[in-house]
Amino acid sequence: MSELASEKLLAAQAAVKQLADGMIVGLGSGSTSALAIREIGAAVEQGLDIIGIPTSVASEELARELGIPLTTLDEYPVLDTTIDGADRFNDQLELIKGGGGALLREKIVAAASKRFVVIADSTKHANPLGGFPIPVEVIPFGVQTVLHRLEELKLNPVVRQTDAGAPYITDENNLIVDLRVDTVADPKQLAEQLVIPGVVEHGLFIGLADEVLMGVGGDVQRFVKA
Ligand SMILES: O=C[C@H](O)[C@H](O)[C@H](O)COP(=O)(O)O
């Protein structure tokens, strides 16, 4: 296993250890979350009694394959905890998420959770926050107008495409616009600028994470809210 994969696995295992019987658990998306879902699947097989709420179609399919009982936000509008990955995080536990296009459901589930635990490898730690394009989910109807506004704000927007060259469509049937900015000096200020009609949500997660568990070498480093 590569060092990166092992860091992801260590973080995922540390987060899954925090789960207890009776919890409603948000299941994140992406490669690190997939490792956590696999760990949860193994724990459920050993008798752990939790119910999951997936944040993407891909995570739902994986959880079903593993026999993890699932529910919905309609049944449980408040979750006990959510375990999810991140594309970048800083020491203030501000995140960039949505590299895999799942940011909308992820943010809804994270915001509905009493606790939000982020799992990451050591390449994700960035002060200042940056080094990864900021995904913005946009309703197709308004995309040209939103792009125009983002250009005016000098945020270098690019509509995400699939490998086949078609526009990338999210689980909620929207587009993703990636903002090619190097670093985000003030994430809160940028989040305010992104309140634009037609933008459904953006990948800056501010004030949501309670803890980041980061695999580094053979260890897990814990970052908590100041
Ligand atoms: O949309 C995707 C999610 O925000 C992922 O949690 C994020 O991209 C991190 O993914 P990975 O664990 O694969 O680096």
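The count begins at 1 with the first shown residue.
For all residues, glycine too, the Cβ spot is worked out from N, Cα and C.
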Which of LYS17, LYS114, LYS124 belongs with SER29, GLY30, SER31, THR32, ASP84, GLY85, ALA86, ASP87, LYS97, GLY98, GLY99, GLY100 in the substrate site listed by TrEMBL: LYS124
Cα-proximity to GLU106 (active site, proton acceptor), 10 Å cut-off, over binding-site residues SER31, GLY99, LYS124: none
In sequence order, those binding-site residues of SER29, SER31, LYS97, LYS124 whose CB lies under 6 Å from ligand 1: SER29, SER31, LYS97
Additional residues around substrate, ordered along the sequence, whose Cβ is within 8 Å of the centroid of SER29, GLY30, SER31, THR32, ASP84, GLY85, ALA86, ASP87, LYS97, GLY98, GLY99, GLY100, LYS124: GLY28, SER33, ALA102, GLU106
Cα-Cα distance, maximum over SER29, GLY30, SER31, THR32, ASP84, GLY85, ALA86, ASP87, LYS97, GLY98, GLY99, GLY100, LYS124, record's substrate binders, Å: 15
Secondary-structure category, per DSSP, in which ALA86 (substrate binding site) falls: coil
